[in-house]
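A.B. asks: The feature compositional bias 'Polar residues' is assigned by TrEMBL to 1-28. If you look up TrEMBL, you'll see 38-99 marked as domain 'SKP1 component POZ'. Annotated domain 'SKP1 component dimerisation' per TrEMBL: 149-196, in sequence order. What TrEMBL lists as region 'Disordered' is 1-30.
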Amino acid sequence: MSVKTESAASSDTVEVNSVGSVENQSAPFTDEQMKMEIKCKTSDGGLISVRVSHLLQSSVFKDMYKDLDMKPEDLEKFEFPVNVEANVFSKVVEWLGEHIGKPDPKIEDDPATRQRKSLNFSEYETDFLKVGVEELGNYIKAANYLHIKSLYYSGCQAMAAAIGNKTPEELRELFGLDDDLTEEEKADIRRRNMWCNY
């Protein structure tokens, strides 16, 4: 499976920053090199070819590139282990293709309320994240492993919205969990947590 998307880079070279977005660092990529495809080995044995322009959004990829002291020409023979199943990784690659050249979201608190500000999703992001909690959880785990901030932060916000204000019974049903507490145990928990309106 090969996933291709044109690079949105506006300059002739793009440089790798090991701690943030694609910025100034010591390993430049030309526009042509940004279109190079890297073989990515999934946890279930699949090989998916993904462009450099996509993978630069993964801090794991950038750190590996830097730590192995690689050069752009080394990438032709490089196989990137993603430790994510192929069907999930394919969706992650789709997300990356839509976020080339876009800054990572910033997590901020409202100075007046001290509440966490919500991220504003694009129409694409809203549709992408409109999945069941199991699939959404897989996206979050993949983004966490590959350190893709845009998908991780967005996925976590979508998950919080999906489970917010639900009762324990509703959460068990949502996640397919067995009810392993007796009515007496539940009553005891409610009694001990009356202070938080449980």
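The backbone N, Cα and C atoms fix where each Cβ goes, glycine too.
TrEMBL does not curate its annotations; it predicts them automatically.
Give me the local environment of each listed feature.
C.D. replies: Across the residues of the domain 'SKP1 component POZ' (38-99), the predicted structure has a mean pLDDT of 95.
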A.B. asks: Across the domain 'SKP1 component dimerisation' (149-196), what are the DSSP residue counts per state (helix, strand, coil)?
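C.D. replies: Looking at the domain 'SKP1 component dimerisation' (149-196) with DSSP, the answer is 36 helix, 0 strand, 12 coil.
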A.B. asks: Would you mind splitting the domain 'SKP1 component POZ' (38-99) into helix, strand and coil residue counts from DSSP?
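C.D. replies: Taking the domain 'SKP1 component POZ' (38-99) as a whole: 32 helix, 12 strand, 18 coil.
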